[in-house]
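*Asks:* Sharing the feature lines straight out of TrEMBL:
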DOMAIN    24-98  domain 'Mur ligase N-terminal catalytic'
BINDING   Gly112, Thr113, Asn114, Gly115, Lys116, Thr117, Thr118  ATP binding site
DOMAIN    333-462  domain 'Mur ligase C-terminal'
BINDING   Arg382, Asp406, Asn407, Pro408, Arg409, Gly460, Glu464  meso-2,6-diaminopimelate binding site
MOTIF     406-409  motif 'Meso-diaminopimelate recognition motif'
Amino acid sequence: MAKLEKLLENLIEFEVLESHFPTEVKGITYDSRQVKPGYIFVCIQGFQKDGHDFIEDAIGNGARVIVIEKDVPRKPGITYIKVKDSRDALSRLSEAYYDFASRKLNLIGVTGTNGKTTTTYMIESILRKANIKTGLIGTIRNKICDEVFPAKRTTPESSDLQELFARMVKAGVTHTVMEVSSHALELKRVQNFNFKVGVFTNITQDHLDFHTTLENYRQAKSKLFQALTLDGVGVINIDDPSGEYMIERCKGRVLTYGINNKHAEIRGSEIKVNVNGVSYHVTTPVGEIRLKLKLTGYFNVYNSLAAIGSGLALNIPLEIIKEGLESLTGVTGRFEQVDCGQNFGVIVDYAHTPDGMENILKTAQQIARGRKIIVFGCGGDRDRGKRPIMGKIAAKYCDLCILTSDNPRTEDPMQILRDIEKGLLELDQPVNYRIIEDRREAIFYAVREARENDLVIIMGKGHETYQIFKDYTIPFDDREVAKEAIMSL
Ligand SMILES: CC(=O)N[C@H]1[C@@H](OP(=O)(O)OP(=O)(O)OC[C@H]2O[C@@H](n3ccc(=O)[nH]c3=O)[C@H](O)[C@@H]2O)O[C@H](CO)[C@@H](O)[C@@H]1O[C@H](C)C(=O)N[C@@H](C)C(=O)N[C@H](CCC(=O)O)C(=O)O
Ligand SMILES: Nc1ncnc2c1ncn2[C@@H]1O[C@H](COP(=O)(O)OP(=O)(O)OP(=O)(O)O)[C@@H](O)[C@H]1O
Ligand SMILES: N[C@H](CCC[C@H](N)C(=O)O)C(=O)O
Ligand SMILES: [Mg+2]
């Protein structure tokens, strides 16, 4: 509970159009359906809907303070506050409502097209090894110490974040590691936050439906490095073509990592990838270590170098960093093996971008002893440009490609598959492929086709336990379906 007057001290540029002070505030939200008595309702003009259209619902649910960007008919007994930017106001009001919880935590933010979830898991493991009480926010789940909470999106809305932070502070958490998506940076979900560490993994094509150009996408990502604390550190991949761009925009100290660039301060070498993991050597400004990760793939060396940089930025000893990384056994739905004793391999992975896919298939090539069979699709209502590119990559690396639905959302599933097929057919060589729209059938088909030593890669949905169609969502878990398919042999 807080006094509205107190919260308004944290707002800039606002006008109280109608006031009924003093007002006790019992919560704050941007969604009329979440309003409870005594809540502030902040109206956001979104991409699909306009929050101003739901003011009546919000008042019906008990909102007594309405934050607006444009003029609306007023009702007696209700306080109306007009602001220039509702998303900014949401962030500022909730920051004050939750007693500036974000400032009481050491925030470690990870951004980049691929590797955010994996890197946050690695950093969490290091922090825990150092006996630090941690919070985690990301695609798979949110965590406060050992307590797990479901995640709706990669980076929640600002008020939901502040609420989580407040619970973290209450639980004694001192460090919070979070994924910071480009949507979050663009839509001000992390506006006014100060990050102690900002990590840049990489930028490759994705989300052009939202950002329209790669330049806008890159610029959105760079905002994380402008939001560092004065003593903050930007941990930046300088093998990535956008690394330099992030360095130029980094407000704090820079710590670079890489494999190819000999100027990288944290540098991996002597990399050996095998089916159960990867081993390599790392030089850092404070010493050298040999590492044996239980996660496989060349790309995971990059993720771990980012995690090492974060650990060093937080003054964690190298030995503890090594222990933290080596004790991580895997990340749900990322190169996860499904083993029911069958004589071929089955991997479930979350690659959903051309770069992620290429990385996984290169790893598959390094470890596979037989044919590679891929089952994948692309999400609807997301970047359409990546579809043919992914088709082409699949055809280049795999002996059999099975195109199937991912989350079609509001799009026609067959149209998505035809978009992928276009790329698949661009290759000069003949491609062995099938289109099976139903994902369950597709997985069963792949498993039935697999012979001894083959590798079936079921890609794109990883940890997801649902499939989203236009008008409904069904429970769906690639790992469970793969098990059923194997057991049916
Ligand atoms: C493009 C995008 O990110 N959109 C998000 C954004 O939508 P929006 O602001 O346009 O909102 P809107 O749906 O048009 O509605 C406008 C306002 O009316 C409100 N409303 C709406 C209906 C109602 O009955 N009552 C009501 O008050 C809404 O709560 C909202 O405040 O804010 C909404 C509320 O928080 C989000 O649900 C919505 O996420 C959509 C569903 C989404 O799919 N987002 C994805 C793309 C996303 O954010 N992904 C990133 C990263 C992905 C990655 O890691 O690769 C993520 O961080 O998860
Ligand atoms: N550093 C990396 N470079 C390229 N591909 C990667 C990297 N790390 C992971 N991947 C691939 O991308 C997939 C997603 O990885 P992860 O979940 O860690 O990324 P993310 O950035 O959190 O994704 P999202 O944008 O959905 O939150 C993995 O399953 C793997 O196939
Ligand atoms: N966080 C990513 C995940 C995509 C995963 C894929 N299964 C899809 O639904 O497109 C996104 O929202 O673009
Ligand atoms: Mg993620």
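Positions of Cβ are set from backbone N, Cα and C atoms, glycine also.
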*Asks:* If the ATP site is taken as the center of the Cβ atoms of Gly112, Thr113, Asn114, Gly115, Lys116, Thr117, Thr118, which further residues of that chain fall within 8 Å of it by their Cβ?
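*Replies:* Here the nearby residues are Val110, Thr119, Glu179, Thr201, Asn202, Asn303, Gly356.
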*Asks:* Just give the helix, strand and coil counts over the motif 'Meso-diaminopimelate recognition motif' (406-409), going by DSSP.
*Replies:* 0 helix, 0 strand, 4 coil
*Asks:* Reduce the DSSP letter at Thr117 (ATP binding site) to three states and note it down.
*Replies:* helix
*Asks:* Could you tally the C-beta atoms, other than its own, that fall within 10 angstroms of the C-beta of Asn407 (meso-2,6-diaminopimelate binding site)?
*Replies:* 24
*Asks:* Return the residues near Glu464 (meso-2,6-diaminopimelate binding site) by Cβ distance under 8 Å, restricted to its own chain and a separation of at least 6 in sequence.
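*Replies:* Residues satisfying the criterion: Gly333, Asn407, Phe476, Asp477, Asp478.
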*Asks:* I need the neighbours of the meso-2,6-diaminopimelate site defined by Arg382, Asp406, Asn407, Pro408, Arg409, Gly460, Glu464. Which other residues of that chain put their C-beta within 8 angstroms of the C-beta centroid, in sequence order?
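*Replies:* Result: His352, Gly377, Cys378, Gly379, Gly380, Ser405, Lys461, Gln467, Ile468.
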*Asks:* Per DSSP, what is the residue count of the domain 'Mur ligase C-terminal' (333-462) in each of helix, strand and coil?
*Replies:* 49 helix, 25 strand, 56 coil
*Asks:* On a C-alpha basis, identify the one among Asp406, Arg409, Gly460 that is nearest to Thr117 (ATP binding site); the candidates are the binding-site residues.
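*Replies:* Minimum Cα distance from Thr117 (ATP binding site) across Asp406, Arg409, Gly460 lands on Gly460.
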*Asks:* What's the CA to CA span in angstrom from Gly112 (ATP binding site) over to Asp406 (meso-2,6-diaminopimelate binding site)?
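*Replies:* With distance taken Cα to Cα, Asp406 (meso-2,6-diaminopimelate binding site) is 22 Å from Gly112 (ATP binding site).
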*Asks:* Please list, in sequence order, those binding-site residues from Lys116, Thr117, Asn407, Gly460 with the Cβ less than 6 Å from ligand 4.
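*Replies:* Those binding-site residues that pass the cut-off, since their Cβ is under 6 Å from ligand 4, are Lys116, Thr117.
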*Asks:* Sorry to bug you, but what's the C-alpha spacing from Gly460 (meso-2,6-diaminopimelate binding site) to Lys116 (ATP binding site), rounded to the closest Å?
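*Replies:* Pair distance, Cα basis, whole Å: 15 Å.
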*Asks:* Of Asn114, Gly115, Lys116, Thr117, Thr118, Arg382, listed as binding-site residues, which ones have a Cβ less than 6 Å away from ligand 2?
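*Replies:* Only Asn114, Gly115, Lys116, Thr117, Thr118 qualify.
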*Asks:* Those binding-site residues, Gly112, Thr113, Thr117, Arg409: which ones have a Cβ sitting under 6 Å from ligand 3?
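*Replies:* Qualifying residues: none.
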*Asks:* Give the three-state DSSP assignment (helix, strand or coil) for Gly112 (ATP binding site).
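*Replies:* It is coil.
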